[in-house]
Amino acid sequence: MEPATAPRPDMAPELTPEEEQATKQFLEEINKWTVQYNVSPLSWNVAVKFLMARKFDVLRAVELFHCYRETRRKEGIVKLKPHEEPLRSEILSGKFTILNVRDPTGASIALFTARLHHPHKSVQHVVLQALFYLLDRAVDSFETQRNGLVFIYDMCGSNYANFELDLGKKVLNLLKGAFPARLKKVLIVGAPIWFRVPYSIISLLLKDKVRERIQILKTSEVTQHLPRECLPENLGGYIKIDLATWNFQFLPQVNGHPDPFDEIILFSLPPALDWDSVHVPGPHAMTIQELVDYVNTRQKQGIYEEYEDIRRENPVGTFHCSMSPGNLEKNRYGDVPCLDQTRVKLTKRSGHTQTDYINASFMDGYKQKNAYIGTQGPLENTYRDFWLMVWEQKVLVIVMTTRFEEGGRRKCGQYWPLEKDSRIQFGFLTVTNLGVENMNHYKKTTLEIHNTEERQKRQVTHFQFLSWPDYGVPSSAASLIDFLRVVRSQQSMAVGSLGARSKGQCPEPPIVVHCSAGIGRTGTFCSLDICLAQLEELGTLNVFQTVSRMRTQRAFSIQTPEQYYFCYKAILEFAEREGMVPSGHSLLAMDGQ
């Protein structure tokens, strides 16, 4: 049964022809699974709300939709009854509200009054329910959808007892990546000196694009950013507002009609997607000749600018687990957290104090769900977690693209035994070196993992790529392309040795790929693997889409424009070697840039 596209309502907002077409595409995409799983289809107006928030980029709007749905499910924001306790009291507390004026650009203005928040008296998920409820009321307006939202965090008269770091992180994550509204700016007003420390923690989550929108202001400076007509009296404005009664206007006459999102939120999307939809080039895919022409037209600077378009986008999802105080020491770098939505979860074992956290993310490959696990270079305090992950995910191949030290800095710990017949024990897992092969550009080590609890043994092949320079990228992609083929061949042989698998199952376990942070060289390696697979099977590829999608699973993948440009260069180098383009033609063009 084909999903039906919701008709455009008579009272729907006016859209351009391009926006209407994007809305139809969005609804077709979302309603594929609403039909399949007997969930009510999404309405036209709700679709427009998500598309407005992402400037009618269909792919990003779909990602936002699922992030919004998952956030509401995770935080228990479902079946809201604003006339019943405790939600009613939380709404009427006045700590969060929507002003009845707009800024000069037409943006709606939301106000959080910190001094009214008392964490010891509030239940956090109820606070979030009230926040969602009131924000939803704001973005029901087409004007707000089109012109965005200004968020004022009023800290005047508050103290440390009014502050809740975890709530602050959740609200920020909500505003920047999990709510259908264009966030224009955040004004933090009257922040005490002690706020600098928690803000520095929160700011680790922010991309430059979001950080630039946040202003920390004195009360006297607010009118430089918003006219007095848009501000309450206590912030130097003209609006008379009684926070104790203001929010009565947002309560419905009765509990109202059921939220159509309740059914969608409560529905659990199956964990496995159709492999044929994973990392398949979209409508903007290029043939290899089109790619040559594209690179010659854009040139190096143009490709760098294309990367900046990707980098400026906020991560889609949340980082709650990575930023939990108990897990911070497990992150090699404080500014490289791990998305909650795609993180690998370890099994908690009785008698052990470990959490289920490791800084590692499932990443899709070409036509394969969870083809890779992108992770950081293990720290001494995470060696055991690393090998537990390898065991639990039935990993057969590990790819390391860094050395232990580079440029005089420690990049990765020695988490496996280096010499033949040596072994290291990690809890109930013992890792033994069965042999080492030293090649020109890489080292191959065969390892055996012995699970003493289950009395089982498995072999894992560890590859360490040695030809990546300490700084920048390789001058030629030849050695990396050869290395990638060796890795793929080893994975295929290892999977084959497991025996035939029935049709419909995941064809193979993930390959673990890591560098130091687990995003730069790791993202480059995986992007190249995906794009070359696209090219070999379909004759077309899409670098921009591949990297953009990858960053929704392993946030910040590909760290520099140089690495992004290297992907293009490597693909063209591969194409020349395979005779897909005339020898020397494409590389000469690139080398001249």
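Note: Cβ is positioned from N, Cα and C throughout, glycine not excepted.
Per Swiss-Prot, these features apply:
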ACT_SITE  Cys515  active site, phosphocysteine intermediate
BINDING   Asp470, Cys515, Ser516, Ala517, Gly518, Ile519, Gly520, Arg521, Gln559  substrate binding site
DOMAIN    84-243  domain 'CRAL-TRIO'
DOMAIN    303-574  domain 'Tyrosine-protein phosphatase'
MOD_RES   Met1  N-acetylmethionine
REGION    1-21  region 'Disordered'
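The binding-site residues considered are Ser516, Gln559; of these, Gln559 has the fewest other C-beta atoms within 10 angstroms of its C-beta. Mean pLDDT for the domain 'Tyrosine-protein phosphatase' (303-574) in the predicted structure: 91. Whole-number maximum of the Cα to Cα distances across the substrate-binding residues Asp470, Cys515, Ser516, Ala517, Gly518, Ile519, Gly520, Arg521, Gln559: 16 angstrom. Under a cutoff of 8 A between CB atoms, and with a sequence separation of 6+ in the same chain, the neighbours of Gly520 (substrate binding site) are Ile558, Gln559, Thr560, Gln563.
Long-range Cβ proximity for Gly518 (substrate binding site), meaning a same-chain Cβ under 8 A and a gap of 6 or more residues, is found for Arg332, Val336, Asn359, Ala360, Ser361, Gly374, Thr375, Gln376, Gly377, Arg554. A straight line from the CA of Asp470 (substrate binding site) to the CA of Cys515 (active site, phosphocysteine intermediate) spans 12 Å. The Cβ of the residue listed as 'active site, phosphocysteine intermediate' has 27 other Cβ atoms within 10 Å, all protein chains considered. Gly518 (substrate binding site) carries neither a helix nor a strand DSSP state and counts as coil.
Secondary structure at Asp470 (substrate binding site), taken from DSSP and collapsed to helix, strand or coil, is coil.
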